[in-house]
């Protein structure tokens, strides 16, 4: 029963938004009014079992709302660049933590990982000052650059490097392999599942992130999808629901297509 209750609580908001995207704006407002008033009238049934379904909101979004696709493209572009940039920065860092041995390495590693758990409000002011000096405010670079140096990938990938048998590294060194060859020919293949986990988690994280956009970008044409949805007028709830449904398609599709791979990778990392 507890599992079913948790499942219901988790799925209810998604079902609520999904149903709301297929009914008229009037029915949505009627239901929300009844909900706010504590009414037990048929308005609840009107929403849960609507008399008719319509695609008018989806048609309006596709044909009459070009700003939505601008925001969608901004989200997609910035998220891809952040994800790729993180790998380019964090993969060598994770390999360095694995290969280099010196006193105090664990302290540096823990400090490095500490950056991952710091809330945005702690980093907001120093990031703002740096971005202002670099003249990146009100550009997509203000969102992309800080995201590239997020340390989640180091935390995920380093344990995979540590699972590489020392004998494999020693044999490769005896065969004349240099550090770059060790990294590309041995390290990356061993860490493939960790890399995929980092890609998926980072993509989903930044796909739904709006704090950086809200803080550093004023130009509406540069807003990402979460920021765009958040600023939609509440008098058109159906349009908001449709925008949320379309925004959910990308992360849900990624999670569904990678579900077995992710579960297997996390299980191996846990061992």
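Even glycines carry a Cβ here, placed using N, Cα and C.
The model shown is predicted, which means the values in this text are computed figures rather than measured ones.
Residues or ranges marked as domain 'ABC transmembrane type-1' in TrEMBL: 72-256.
Taken from TrEMBL, the feature transmembrane segment covers 6-28 (among others). With a threshold of 8 Å between CB atoms, the same-chain residues lying at least 6 positions outside the transmembrane segment (6-28) that come near it are 46-48, 50, 52-58, 236-239, 241-242, 244-245, 248.
For 49-73 (among others), the entry in TrEMBL reads transmembrane segment.
Long-range neighbours of the transmembrane segment (79-98) within the same chain, counting only residues 6 or more positions beyond its ends whose Cβ lies under 8 Å from a Cβ of the stretch, are 105, 109, 112, 143-144, 147-154, 157-158, 161-162, 164, 183, 187-188, 191, 195, 198-199, 202-203, 206-207. According to TrEMBL, the transmembrane segment annotation covers 79-98 (among others).
Per TrEMBL, the feature transmembrane segment maps to 110-130 (among others).
Residues or ranges marked as transmembrane segment in TrEMBL: 142-161 (among others).
Sequence annotations record features per position, and here TrEMBL assigns transmembrane segment to 182-204 (among others).
Look at TrEMBL and you will find 237-256 (among others) tagged as transmembrane segment.
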